Every structure is written in structure tokens, then in C-alpha cells.
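Per TrEMBL, the features are as follows:
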- 109, 112, 236, 239, 241: chlorophyll a binding site (BINDING)
- 114: chlorophyll b binding site (BINDING)
- 8-25: compositional bias 'Polar residues' (COMPBIAS)
- 1-25: region 'Disordered' (REGION)
């Protein structure tokens, strides 16, 4: 990741987003970051891998019962085990029974974990590489790596941001479709006995893609054993939890000076608003 003395970026949309970072040897900082990144990438595969499942035949789903939640928690983190200080599992969201509440919580964690994993990897990649082809039909290039990832997002045209948000919104809408409730597509809802985290196939809608699912489109897991599938489910949760900490660590280090000592001088300070995805182009109430 490039670390430089701050200069005004021509691609930045806000002229007031200036910050100062100390000037040090960039090669030293790049080596420090690569060491840190290698550690983070290796950590999920070793320290955060769950213990081996029991010898009994596993079921390759995440069940929405408290007993299953407690059991999985011990596999995910044997040292911490089950941890619910706010007692959310007993909160009866929207007046629903406990199994429905747990189904909602498990699905929410898996979905946020997947977004965080994509965000963490994307942050690292786009800090060092950009697509070589033009970003727009007019021939404008993608924002350069001299900008940090939040600054790259700010430099995108409004139309590009809207397209990305609408696509993600479609995936969210499609994932909530359930058979017998106004649609022939979808799956049994995760709050009504369905599998948390499972995304439906695209068989019910016309599409141009050569595959019909977002998970394992090339069928690599077709002959995978049930034990391996169960272990991979738990590994995904642990990796997602680590990714959520990782991406927020990057953003905190950029916006709150000194909040993440390990990233001091590695990521560039950012003076914008990370929770306003369409600013400064447009926002509600404008």
C-alpha cells in the first residue's frame, strides 16, 4: 500500500479533504504493510480455524436453535465459547419465537461477514492496482492508486455509484424471496425454518450468466464430504468476523488519528465521511 506525503489529489471531488501524514521512507512502510497483511491472511487459516467436528454425521447447515448456536460457538472459538452479553437470542425480534430471532441473527452475521471479506480484500487490492481499461465511455480512467480507497470511491461518477448500489439492492431483494409468498423463486425464509446464509439460485429469472448461483458457480464443492462442508461453514464465519475487524480497522485508522497504532503511517488519513456513500455528489435532504 502506498504511503506518501499528502498532496492535493486532482481526482478528489472535495477540495477541503486535506490531511497531513508524516513523511517517512515509503519502502519501509510498504514492507511493514506487507508483513502485516501476510499475518492477517494467514491468521484465519490457522489460529481461527474451528476444531474438528464430531465423528457423528454432520448436517451441513447452520440451525436456528439456541442449542445449535451454543454448540457452534464452542467450535468457532473454544476459548470464548458462547457469548451473548446483550441476550439478543432471547429478544424475540418483531414478536417472533426464539428460533426465528436466531435465524435472523445468524443470517445477518453471515451476510455482513461476506460483505466485510469482499471489502477487506478490495481495500488491499485497489490500494495497489486499478483496472487498466477506461472507467467510462468517455475514456476517463479509474481513480489512481495515489488515492486511498475511500477517496477512490468519492472520485467515482454518481452514475457508477448508483449502479453499484442498485445491483447490491437487487441481490438483497432477490435473497428475501420465498416460495408461496408471491413468488415461485427463492428459498424458505431463514426466520421460518430456512437455512441462514443460503442464497437462492437464479433459475427462476432469465439471465445471461453461464452459471446459476453465486456460491460455487463452477461446482468445485460437488463431491466435497459433509465433514469438509461443515468445517468450511464455520471457517467462513470466523474469517468473516476477522474481516469485519479488519475493514473497520482500516477505516478507523484513516478517520481517527492514532486509533489503530499498528496502522499508524501505513494508511493515509481521510477527511471525508465514510458513512455517506453518495456525498459529496448528492444526499438526502439536498
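Glycine is treated like the rest: Cβ placed from N, Cα and C.
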Per-residue Cβ crowding (10 Å cut-off), top of binding-site residues 112, 241: 241
Chain-mates of 109, 112, 236, 239, 241 with C-beta within 8 Å of site centroid, chlorophyll a: 110, 113, 114, 116, 117, 237, 238, 240, 242, 243, 244
Distant-in-sequence Cβ neighbours of residue 109 (chlorophyll a binding site), under 8 Å, six or more positions away: 237, 240, 241
Protein Cβ atoms within 10 Å of residue 114 (chlorophyll b binding site), excluding its own: 18
CB contacts for residue 239 (chlorophyll a binding site) [other CB atoms within 10 A, all chains]: 23
Rounded Cα separation (Å) that holds between residue 239 (chlorophyll a binding site) and residue 114 (chlorophyll b binding site): 9
Close in space, distant in sequence - residue 236 (chlorophyll a binding site), Cβ under 8 Å, 6 or more apart: 110, 113, 114
